[in-house]
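For reference, TrEMBL has these:
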- 26-47: transmembrane segment (TRANSMEM)
- 104-146: domain 'RING-type' (DOMAIN)
Amino acid sequence: MSNCIDASATPSPEPPPPTAALDYDVVVILAAMLCALVCALGLNSVLQQCVARCTRRAVADPVGWVAHRRANAGLKREALVALPVATYASPAQKQQQHASAAGCAICLSDFTDGETIRVLPVCGHRFHVPCVDRWLAARCSCPTCRRRLSPDRGGSAGEGVHRGDMQVLNAV
């Protein structure tokens with residue numbers, strides 16, 4: 001019986017708390033922080049290279065850089081007003097198969113007889129005056145073919161443009 005009393009008198013040591021779960025959480029958090037740090041450093045490096053490249057280009061050719069940025073800027077008001085304005089005349093009956101092409105490519109509506117349109121001198125494409133004026137105030141290219149318009153190419157009043165699907169007479 002004395003063996004029983006001695007065994008109960010000394011308590012057994014408690015097992016240590018589980019540290020495996022705690023260690024796993026710490027490892028995951030540290031790995032995520034390391035990945036975030038690597039990504040941030042990589043992004044910083046890429047941004048520095050882009051800024052350096054743009055700065056070198058601007059310093060090497062400042063006039064060309066500015067000219068390139070302004071190359072597709074809109075036309076000035078004087079150049080816009082100098083572009084020819086015409087009156088639309090519907091095509092003849094024999095050319096009705098092409099009549100579907102007689103419309104403004106910006107607003108997608110057809111031209112009507114007597115309507116004021118603007119014919120671009122570089123390519124001959126035609127548009128409603130308000131539609132193309134809004135376009136050309138922001139860009140200096142044709143909305144249809146993207147050909148660049150030169151501000152000095154205004155066209156002269158009185159000349160006509162004859163296309164296969166319509167005849168345009170300039171209005172004065």
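Note that Cβ sites are derived from N, Cα and C of the backbone, with glycine treated the same way.
Caution: TrEMBL annotation is automatic and unverified by curators.
Remark: secondary structure over the domain 'RING-type' (104-146) totals 10 helix, 9 strand, 24 coil, with classes taken from DSSP. The domain 'RING-type' (104-146) scores a mean pLDDT of 90 in the predicted structure.
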